[in-house]
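Please read the structure below before turning to the comments.
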Amino acid sequence: MTTPDKDLIAAELDRARARTALLTDAVDDDDLTRQHSTLMSPLVWDLAHVGNQEELWLVRDVGGRQPIRQDIDHLYDAFKHARRDRPTLPLLDPAEARRYVAQVRDKALDVLDRVRLDERPLVAGGFAFGMIVQHEQQHDETMLATHQLRSGAPVLSAPPPPPGDRRVRGEALIPGGPFTMGTDTDPWALDNERPAHVVDVPAFLIDVAPVSNAAYAAFIDAGGYDDPRFWSERGWAHRQEAGLAAPMHWFRDGDSWMYRRFGHVEPVRMDEPVVHVCYFEAEAYARWAGKRLPTEAEWEKAARWDPATGRSRRYPWGDEAPGPEHANLGQRHLAPAPVGAYPAGASPLGVHQLIGDVWEWTSTGWHGYPGFRVFPYAEYSEVFFGGDYRVLRGGSFGTDPAACRGTFRNWDHPIRRQIFSGFRCARDLP
Ligand code: AVJ
Ligand code: FE
């Protein structure tokens, strides 16, 4: 990726804000301030939090300007108040929050105009601005997940994704040997993606596509949820306690499976990747199928390693920025695309849909790479290292391209499934 210029940075800030506006203007004030699930913040919290982070980093730190609303910092500090408690805080109301984020943005753009992008490491390559773009886009994905949890009539719409291709099935063999994981050179890569380091990955097989609803329904029909042999001890305990019996948002209608998606009720599309499953469900499915989840390194090697040159690229298809032909990203569609829908996005070894559609659970815990250095703040990544998290890779239909690449790392608790999470399987060579 070449170093972004100021026009591109401003355009990326704009694009993120247009998405935030779409997600928050779609509902009324009552809906914005209400909590739709104790797992999520009220949408109006995400809105002002996005502005507050932008104020902290771009206006105060990069710009060296006076605070706009220091008095509200504590309300929007994610470490001070758990999501479930946020509705009880004296938050900015929707009109105040909109005014606040607009005011911050005006100042941030003024800072962008005046700043020299070669003066401090924080702004080299436009990093601080890129970090804020990615932060807003990540909260937009979180807000999209909140939309999926709200009840009531649909308020979002988008065209359906492109059709699938049944020929995309089976596994690809990824040869053993070293590859470069992570990056030193991507100007907007976050600290947890650095540094680049060589990992020797033994040969393995990986599914060419994420696990589909058809395959997952077969696991359910085979009694997968009722047989502890397929589940880890923790997974089984969680399955029992939470009463898991199908992916989140699925329900039975006679003999068929239905799901509720952004307010629409429809039959489950069997050729789509399964979404809204937790790590423990993914693990159980894999064991039932005689497979396992890929490690994070396996996933990244499958996504980035180019057998022709031995180099690691930015995406499965190369270094070119994702276009609509490559991957289902950016909320362009409000669903994962059917298996096989993106032949142009496949890797040289024939692995499809690694980027976009659904976040993919890996078996790896959340950790820093060898030589990790906090940049610029520990509360983004480092404080979660070693905690009860599993790494997810590849982004979903709700992930913006600005916050998605072959090196991008996400993480969550293994019981979480309100995120757009699915998986694919891998196995050792027989
Ligand atoms: C990387 C998605 C786990 O939402 O908790 C947003 C991203 N960090 N604001 C999260 C994030 C701070 C983070 N995840
Ligand atoms: Fe945040």
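A Cβ is built for glycine as well, from the same backbone N, Cα and C atoms used for every other residue.
Just so you know, TrEMBL annotations are computer predictions that nobody has curated.
Together with His135, His139, the Fe cation site in TrEMBL holds one more listed residue from His49, His74, His197, which is His49. Fewest Cβ neighbours within 10 Å among the binding-site residues Asp85, Asp412: that distinction goes to Asp85. The binding-site residues considered are Arg86, His135; of these, His135 has the fewest other C-beta atoms within 10 angstroms of its C-beta. When each of the binding-site residues Arg84, His139, Arg416 is scored by how many other Cβ atoms sit within 10 Å of its Cβ, Arg84 comes out lowest. Summary for the binding-site residues His49, Arg83: the Cβ-based neighbour count within 10 Å is maximal at His49. Reported as a whole number, the C-alpha separation between Asp85 (gamma-L-glutamyl-L-cysteine binding site) and His49 (Fe cation binding site) equals 15 Å.
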